[in-house]
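Asker: The signal peptide annotation in TrEMBL covers 1-21. If you look up TrEMBL, you'll see 73-173 marked as domain 'Glycosyl hydrolases family 2 sugar binding'. As annotated by TrEMBL, domain 'Glycoside hydrolase family 2 immunoglobulin-like beta-sandwich' applies to 193-295. Sequence annotations record features per position, and here TrEMBL assigns domain 'Glycoside hydrolase family 2 catalytic' to 302-603. According to TrEMBL, the feature domain 'DUF4982' maps to 632-677. The annotation domain 'Malectin' is assigned in TrEMBL to 751-855.
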Amino acid sequence: MKHIRIILCLTLFLTAASAAARVRYTINDAWRFTKGSPYNAFQPTADDSAWEVVNIPHTWNAEDAADDVPGFYRGPAWYRKRIVLPADAASKQAYLCFEGANQVVRLYVNGHYAGKHTGGYTRFVFDITKYIVPGGENLFAVEVDNAHDPDIPPLSADFTFFGGIYRDVSLLLTDKVHVAPTDFGSPGVYLSTPEVTAERAAVEVRTLVANSGTEPVRVRVEHRIVGPDGREATRAEDMAEIAAGSVAEQLRRDITIASPRLWDIDEPNLYRVLTRIVAEDGRVLDEVSNPLGLRWFSFDPDKGFSLNGRPRKLVGTCRHQDYLGRGWALPDEMHERDVRLIKEMGGNFLRVSHYPQDPVVMEMCDRLGIVASVEIPVVNAVTESREFLENSVRMVREMVRQDFNHPSVMIWAYMNETLLRPPYTDEARTKEYYKAIEHVARTLEKTIRREDPSRYTMIAFHNAPERYAAARLTQIPMIQGWNLYQGWYEKDITGFERILDRLHAQYPDKVLIVTEYGADVDPRLHSFSPEQFDFSQEYGLVYNRHYLEQMRKRPFIAGSSLWNLNAFYSEPRADVVPHVNNKGVTGLDRELKDTYLFYKTVLSRTPQLVIGNREWRNRSGADDGSGRCTQPVPVFTNQPSVTLTVNGRRIGTKRPEGGVAMFDVPFADGENRLVARAGALTDVLTVGFRLAQASPERFTELNVMLGSPRYFDDREAGLAWIPEQPYTPGSWGYVGGEALRRSGTGWLGSASDILGTKNDPVFQTQRVGIESFRADVPDGTYSVYLYWAELDAARQREALAYNLGADGAQQQYTGRRFDVSVNGRKVLENFSIAAEVGFSRAMVRKVEVIVRDGQGLRVDFGRIEGEPVLNAIRIYRNH
Ligand code: GCB
Ligand code: CA
């Protein structure tokens, strides 16, 4: 009998709780989608049967932001979905919740306009109760527009503004009396910890309780705080009276937790606050849960950051919400993985930039012990309009209220490099513009401090301190963030430490964080003479080692967030991978670059050993005369020494410097098995190597990039490209000319987007004025592939002007012209790359040649107009 009673009680309790508690689920699947503004698209009767079927998360720019045609679609588009709502929705409050859509959304429910939201990165919620048909079919029609709007930040930025509903959409059904979800998209419960010590934590809970019914109600608001161990730590409850159709604010101050288990980087203890709204008859009307972390922290201008009384240097990354082929349309688990990557790298800091991100990102920071800074996307510039300011203020409100409860968040930021290119040349006008920016900054600063006095504020500047000082921005935030690229955008890498010291001297009362630093790396590129702008794995390593070392030496640098965790789309960029910014320590597909392995090695406290250049499985290089080719290979380890063997032969034992040991590895033709040993750790890497050499019996191919000191791994073909060398008898190489590694305003490897190829680096350098290319290959039949792209930007401009002046008639501009002969036979006469394929477009001409009488192979270039050029050559032996 007793037994049965217990079961009965339990059932009653469960039904009471589940009958009324809120229901929330995603409605992501199978929406109808079309670009443009079809007639009456908001009307249930409109015919969408010909529209595409898509799933949310979705963007309409995944393809056009990465193709050869400049620009991407920015304008209106529509999503529609029919969904049957439960009959009991009649007695409920119904909301449609968006985690983010770029950038203006208008919602129509069953033909009724239900609301609008501006801004592409924050969450928003529409109350749709009035418009739904409970127990019947409902049509949701959502117009999303990503057109440029001068009143909505960001105006411009180095990233692609993917349009679409690119984060989850959910339906939320609640009782008439419920925790309000409509306060700037916040959870409706605000947790703060006015005082935390090792002995005691004081917790304050502010709850917004909505009564959407027609009668006043009296309810109990209960907070149950559950500890990291799953046991109840404490609870509090209050009675509240809420008038019909209103939202009451319920403030509970005096909650304390004795001997709190602190939220820390190494031990991110999380409490949960379960908030229940209980009716007088005991029915649970609503229940929500929020994360609570008990910690205290501070930033000091000299000593940096400290958490729970312990100094900690913040080291981590920034992050963009992109993935290969998907743009921003990522499912939760891909956001989750990214935060894990930071943790696994040994990072303890995430600058969530340049905009608030998926809720999962914040949850993961809480869970993994990663300190976070979150910011709104006021990037590059502001518009001097009231609307721009209002939109920005609303964005910071949304940001702060939405992520308020995450213990990981310790910094709110609101501007990034807003004086990158001040739009005016006129001095008076510039002053006015600076004033406008200062006003925006002061307003945002004030708004944040009022919203949340418990955290720090930050603005990110770039390497033009005078400008920010002139606009008086440097004084406004509590923390100055600096985005620094000495050694990348500026030549001298040591400028980095100089500016750090200068800033600290100039702003002794300001906390400094290096909010960005980075070098682009395309892991297909390698160089043994790494230099600024070469996009090689090796330069990435040189750059990052330098920066980390300099920051470690300076306790006044409170933290750093390297740019960037991952490569990301930036549509106007040319670079080595067009439309992509490659500064990620991981790729768009999250391939780990050497820079990531380096950080992981030096930041981890557990033993690490990994052979670098892991991805470079197809190597090649010139024979050094011994039947081998010696090339450096980095091994990353935090152990005192490391030994490397190759194919069983011991290469040596080294002490790593700053986590890196460089070994000179004599590669043999074929497979090379590298084994590294350090303490109890072993790492193995098998590398395929092709000796590039004209030794008669073995010659099969030679792939050389002219004008280039780099190696390039064409992964799609498994083809290894090697740098040029001058010709010497018995070997191969160029005769005459000069290496063109910089062109126009571009630099090595980033001159321009080479159309018609994915192997841009093969075409982005050339030998200008080349006389011949010679290879002393044995007799045989060969295919000689000549690779060209016209890189002359000045000539391109000339050509354009010429065409424009030609009265509309398309006249051929040819510029550079030359003859090409192979082994004395003229194969191309009066040849012009531009006339053949245009500017910055790849072309490959394959020529069949029979080499006889031991004469070897010789390609000669005969100058006619301008200088002859060659970008790359591939010599392949048919038989
Ligand atoms: C910056 C910007 C960031 C860019 C980065 C770069 O300073 O804040 O948005 O992507 O530089 O790679 O140039
Ligand atoms: Ca999500």
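These residue numbers are counts, starting from 1, taken along the chain as shown.
Even glycines carry a Cβ here, placed using N, Cα and C.
Mind running through what each feature is packed against?
Answerer: Secondary structure of the domain 'Glycosyl hydrolases family 2 sugar binding' (73-173) per DSSP, as helix, strand and coil residue counts: 8 helix, 48 strand, 45 coil.
In this model, the domain 'Glycoside hydrolase family 2 immunoglobulin-like beta-sandwich' (193-295) carries an average pLDDT of 97.
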Asker: For the domain 'Glycoside hydrolase family 2 immunoglobulin-like beta-sandwich' (193-295), DSSP counts of helix, strand and coil?
Answerer: 0 helix, 70 strand, 33 coil
Asker: For the domain 'DUF4982' (632-677), how many residues does DSSP put in helix, in strand and in coil?
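Answerer: Here the numbers are 0 helix, 35 strand, 11 coil.
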